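Take a look at the structure below.
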Amino acid sequence: MDTTAPAPTPAPPPPPAPPTDAQQRRAARAATRPGDRVFLGLSRGSGILLLVIMAAIAAFLTYRASLVLAKNDGNFFTTFEWNTNLNPPDFGIAVLAYGTVVSSIVAMVIAVPVAVGIALFTTHYAPRKLGGLIGYVIDLLAAVPSIVYGLWGALVLVPHMNGLFGWLDHWFGWTGILDWQGGAPRSLLTVGVLLAIMILPIVTNVSREVFRQVPQMHEEAALALGATRWEVIRMSVLPFGRSGVISASMLGLGRALGETMAVATVLSPTFEIHASLLDPGGGTFAQNIASKFGEATDQGRDALIASGLVLFVITLLVNGAARAIIARRKEYSGADA
Amino acid sequence: MKLQRKNRLRALSLGVVAVSGALALSACGSDDTSGGGDSTASAKADTSAIKCDNAKGDLLASGSSAQKNAVDAWVKNYTAACENVKINYKPDGSGAGVTAFLQGQTAFAGSDSALKPEEIEQSSKVCKNSQAIDLPMVGGPIAIAFNVPGVDKLTLDAKTLAEIFDNKIKTWNDPAIKALNPDAKLPSTKIQAFHRSDESGTTDNFTKYLKEAAPGSWKYEGGKAWQAKGGQSAQGSSGLAQQVKQTAGAISYFELSYAGDGIKTVDVKTEAAEPVAATTENASKAIAAAKVVGKGKDLSLQLDYSPKADGAYPITLVTYEIACEKGNKADTLPATKSFLNYIASEDGQAILADAGYAPLPAEIATKVRSTIATLS
């Protein structure tokens with residue numbers, strides 16, 4: 001819009017009394033070169049286009065979701081069913097929300113400590129060359145497509161989980177959470193382990209970059225005070241890197257929440273919730289959409305779109321929470337170092 | 001010195017390129033002549049009976065993935081004979097196939113279940129004052145595969161199957177299974193019944209069988225999504241086959257063609273004297289006993305799920321091709337008719353058994369052919 005105004009030839013524009021700052025702006029614009037203005041227009045146009053596309057997608061999704069939600073016989077939030085071909089349809093997201101959150105939490109519990117460990121080892125313990133090599137290999141993990149993880153999980157990981165499941169059941173079965181009925185080990189715990197491997201690269205890499213940024217002075221000062229290497233890490237590296245590690249974990253969590261094909265291949269999804277993490281069952285939003293979409297009727301697709309909107313909201317909430325945590329820990333961000 | 005070495009290197013690399021290039025070219029050449037000669041000869045032998053009827057152009061179709069392997073084989077033979085026709089069958093699933101057809105995007109659709117009344121009503125839009133019809137084309141047994149250590153042969157009936165898949169029968173040495181298999185050494189292993197986690201025509205047909213043949217034990221509505229509680233699930237027929245292979249105590253259902261590699265299948269006890277094995281031949285016998293229930297030219301079939309005939313395998317799936325009775329698009333009609341004619345012909349049906357499918361019994365095939373001849 002601004003590009004259409006013929007700025008370089010404004011011979012007679014001054015009306016009675018234009019405000020001074022507007023005049024200045026116009027003068028500044030006249031001074032800019034055409035290339036700058038074209039670029040300004042292009043970038044502003046792309047920005048607006050992005051907003052329009054996002055709004056259109058959101059409106060479309062909300063509209064399609066509202067069509068089927070009006071007909072839904074069950075309660076969208078508490079029904080343990082997904083029968084969208086019935087008339088009226090009967091479906092709810094309780095199982096999907098539970099499965100998505102639980103498998104992601106399991107993944108985080110396993111992946112974050114390991115990732116921080118690898119990041120510390122490669123930046124502070126390993127010889128420089130070895131650290132670089134390990135970092136490179138971890139990067140390669142991120143390049144493996146998720147369906148390959150899924151195939152590996154189904155063919156290699158699942159059969160090998162039998163031993164671990166037996167052990168957990170033997171020693172921790174009394175907790176109820178780790179009680180095993182003896183089904184094939186294709187449960188939320190297995191999915192969590194697989195997701196942990198999948199999100200390891202991103203958490204490790206971001207943590208590594210953060211730990212590398214720790215001011216040398218901090219570490220040297222701690223060493224000068226007689227700290228051991230572990231004390232240096234505990235007193236200067238970890239507090240400095242905390243917000244970075246949290247944002248890295250949130251990036252990983254975002255991937256875990258949305259992972260589709262690997263979960264669909266490894267999990268044994270059913271519309272039930274079991275207290276035990278070892279019993280097959282549950283499901284995730286993305287897995288459910290991927291497996292139901294192909295044969296779904298229009299009504300079924302609308303229902304899947306509605307469930308996708310919930311995943312979107314959950315992801316937004318998680319990101320918001322992460323930003324809040326990071327904002328509260330600003331004093332460690334290193335800006336004053 | 002340096003310059004000389006560089007030149008020598010360059011000459012050497014040029015030589016390498018030239019030699020390897022020549023080798024590659026000659027290899028290609030010899031491959032082409034021998035391979036090309038063979039394939040045209042065999043194609044001619046197979047496809048001499050195909051009538052192209054001046055058909056030409058692109059034929060788009062989509063639908064059931066259950067008949068994908070059959071369609072692939074047909075397309076290969078057909079396009080070898082009729083070079084002016086290109087056929088593109090997308091195995092997106094029956095639901096997607098019917099939807100695309102009703103929107104007028106495809107010339108015909110493949111589907112595991114016959115059209116519903118409301119779908120036939122909708123079809124008058126694409127078929128210009130006419131309607132879409134179901135043409136049965138491929139049958140296939142849905143095998144019940146099991147993995148029970150120490151058991152090679154297993155007989156089950158509809159009621160036990162329903163109770164196993166509904167998690168009422170929980171171990172392999174349950175009295176109900178013992179009664180059907182007095183000679184087998186059944187272990188006390190827990191039964192792990194696997195069903196499809198995605199929506200599927202196979203699930204639809206299998207649960208239809210359970211509902212019809214064991215109404216007292218199977219109380220679910222049926223449909224493409226699995227409705228019983230409990231059990232385990234996996235993605236796709238291949239996923240189920242994989243689970244049966246690696247899980248002791250597993251039982252599951254999928255098209256026979258996935259049951260290779262030493263996967264054992266259940267013999268189903270019907271009203272007949274002897275339990276029936278899941279074979280393409282026995283599935284054809286079941287289709288022969290089916291009734292045509294479609295109205296007018298529609299040939300949708302109603303299978304008898306408790307057959308009295310010997311050797312009729314009751315858990316059988318029939319997949320249809322769906323096309324307009326009248327009002328097919330002028331530019332695709334010749335190709336559609338010619339292709340459907342071929343796949344319903346004796347030659348077309350003959351290649352099915354090799355791919356794990358059941359050919360149509362003669363009586364139904366004749367009806368299908370005469371119906372195709374009237375498409376307009």
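FYI, residue positions are counted from 1 along the chain as it appears here.
Glycine is treated like the rest: Cβ placed from N, Cα and C.
Quantities reported herein were computed from a predicted structural model and do not represent experimental measurements.
According to TrEMBL, the feature region 'Disordered' maps to A:1-32.
Residues or ranges marked as compositional bias 'Pro residues' in TrEMBL: A:7-19.
The annotation transmembrane segment is assigned in TrEMBL to A:47-71 (among others).
The transmembrane segment annotation in TrEMBL covers A:91-121 (among others).
Under the heading domain 'ABC transmembrane type-1', TrEMBL lists A:97-322.
Annotated transmembrane segment per TrEMBL: A:133-158 (among others), in sequence order. Distant neighbours of the transmembrane segment (A:133-158): 118, 121-122, 126, 184-186, 190, 193-194, 197-198, 200-202, 204-205, 208, 259-266; these residues of the same chain sit at least 6 beyond its ends, with a Cβ under 8 Å from one of its Cβ atoms.
Outside the transmembrane segment (A:188-207), and at least 6 residues removed from its termini, the chain residues within Cβ reach (under 8 Å) are 99, 102-112, 114-116, 118-119, 135, 138-139, 141-142, 146, 149-150, 153, 157-158, 161, 165, 241, 244-245, 247-249, 251-253, 255-256, 259, 262-263, 266-267, 277-278, 281-282, 284. The feature transmembrane segment is assigned by TrEMBL to A:188-207 (among others).
Among the features that TrEMBL reports, transmembrane segment is placed at A:303-326 (among others).
Packing against the transmembrane segment (A:91-121) from elsewhere in the chain are residues 72, 74-84, 131, 134, 138, 188-189, 191-193, 195-200, 203-204, 207-208, 210-211, 233, 237, 245, 248-249, 252-253, 256-257, 263, 267, 269, 271-273, 277, 282-288, 303, 306-307, 310-311, 314: each is 6 or more residues past its ends and has a CB under 8 Å from a CB in it.
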